[in-house]
Each structure stands twice: as C-alpha cells, then as structure tokens.
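Report on one structure; see the data block that follows.
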Amino acid sequence: MIGDIVETKQCQLKDPMDLFHSGQVVKICAPMVRYSKLAFRTLVRKYSCDLCYTPMIVAADFVRSAKARDSEFTTNKGDHPLIVQFAAKEAQVLCDAARIICPFADGIDLNCGCPQRWAMAEGYGACLINKPELIRDMVRHVRNQIDNPRFSVSIKIRIHEDLKRTVDLCQKAEATGVSWITVHGRSVEERHQPVHYDAIKIIKQSMSIPVVANGDIKTLKDAESVHHLTGADGIMVARGLLANPAMFAGYEETPLKCIQDWVDIALEHGTPFTCFHHHLMYMMERLTSKQEKKVFNVLSSTSAVLDYLNDHYGV
C-alpha cells in the first residue's frame, strides 16, 4: 500500500537508464498478471534480476479508486529499480497515474502489447500499436508533467505483420522521448508460434534508444543467445522466471535454496495462499514426478504446503 512506503526517497532510487548504459545486458522480470507482485520481485532480485515490472494496472481505475491503488500496488525500500506498467488510452489519465506513482517508482511503462480480447475491446494493450499518434500524446503528456528528469517512460509492444509499420511506430515513439522500447517478437494474432527475433534485430538497428527483447526466453543460455541474435540491450522474461526464479543467476532449474527463499519471503509478505501455492507449482514443475504433482497441486492450505516441503525436500 502506498501509505506504507512514504519513507522511500527519490534519492535512493536507482535510475534504470544507468543499467542500460552499464555495458551489460539488462535482465528484466516481465509484467505478469497476478504474478510479478512485490514478494516475487523480491525473490528474483536475490537471483541477479536487474529490473522488475509490476503487473499491468488499469490507469483509470488506479486514479479513480484508493482501493484499487492499495490492492494493485505495493512496494518497499528494496524494490528498486521498479517500473509500473499501466494500461491506458487517454493522455491525462496516464499522466495522473504517473504522478501518483512517481515518488515510489523509477518509471512507468505503457502497455501496447497485451493481446487479450478484453484489453483490446477496451482500447488498451496491443490495439495501441495501430495508434502511434495516441501513444505519442500519452508519452508527451507524461514527459511534460513529471518534473523528475530521471523518471523513465517506456512502452512495450507487439509487432505488425508489416514490420515497416513497427519500425515507423518505434521511431515516432523515440522522437517523442520514450526511454526504451520492449518488443515482444510476435504479432497480435500469434500465441505459440516461434518468436520473430529477426524483427527485433531490425527494430534495434533502426533505433538509437535501448531496445529490450521479449518472448520465449526460458534459460540464461536463451537470454544470451537472443542478445546475440538481436543486439538487444535488455532481455525480458516472464514464464521462464516463473518456472525458475533463479534463472538469471545461471541455474538450470529452481534450486532448493530458491524455494526456501520463496517460502520465507511469501510468509513475511503475507502472500495469499493461492498465489503462494501457484508460484511453488511453477517452480517445482521440473523437480516433481507426475504422482507428486497430483498430491502437491491439490494441497489447500499453507500449513499443508509447508509440511509437504519439509517432509519431501527438507525445506
């Protein structure tokens, strides 16, 4: 809750742009609905993740409702650098949301990539890649109304079937003052098809601001290979980190120490049981047999999960 974090000072925040200029590939935890919340961000930061995003937050609800702010956004002193991702379709609404968040985060990201039907129907997410002027207005508004010059404004997009349109969109966004662009290398229609890393490479070559590659990156080796294929300045991972939060630290599968860390962090943060359990189901996917999954996945209380982990893994 915002009220719990007023002591966070801007001078303590690390500028994400410093990461992009460090000469190292920036390792990023993607915005994931339900999953990339404070407790999980705390976990992946322990294992070499450089930059974390919040789950996507609908800016209009966030601005309108204190209840939405309290349930959607929690942070603390160690939760930096942090990018808050918003779904928005009106410049002033995005601006108002950015102003509320500014003292507690290092930047905002405008979601121009979510392909879910509800988001597209509401005018959010991936439908914005067909509205470059609207993206430009939203970015300009935030740039003009947020005083802190180190506060980043980024966008996350999908690609068009005609890549020229995507390059044009990115160049317009760069001219407007976007800090960096994250490219999920699939079109809106594509779900499980191979990612077009060649498209991300072409976009990277057309830009002078940092470009982040996203899509189907499951291991540190994948991340390195995508960096070499695309030249991207950063690598953003979603499902790969759910399955193995220690991925960026070079672990091939989730180490038991990481599972222990998750239990400690989740309990300390008062993580709701469903979220606590789901994360463990993802993390233990490769460690457990079919039979074990049948038992573990239907456990229905924190104490039952803790007993299971203790009995089977000494966690």
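Including glycine, each Cβ sits where the backbone N, Cα and C put it.
Worth saying up front: this structure is predicted, and the values here are computed from it rather than measured.
Under 8 Å, Cβ to Cβ, and six or more positions away along its own chain, Cys114 (active site, proton donor) finds Met56, Ala87, Met120, Tyr124, Gly125, Ala126. Marked as active site, proton donor by TrEMBL: Cys114.
Feature annotation from TrEMBL assigns FMN binding site to Pro31, Met32, Val33, Gln85, His184, Ala238, Arg239.
According to TrEMBL, the domain 'DUS-like FMN-binding' annotation covers 29-292.
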Counting across all protein chains, other CB atoms within 10 angstroms of the CB of Gln85 (FMN binding site) number 25
Neighbourhood of Met32 (FMN binding site), C-beta criterion under 8 angstroms, separation at least six: Pro55, Ala238, Leu242
As a test of reading the model: what is the averaged pLDDT for the domain 'DUS-like FMN-binding' (29-292)? 97
Neighbour count check, CB within 10 A, over binding-site residues Pro31, Val33, His184, Arg239; minimum at Val33
Considering each pair of residues in Pro31, Met32, Val33, Gln85, His184, Ala238, Arg239, all listed as binding FMN, report the largest CA to CA distance in Å, no decimals. 17
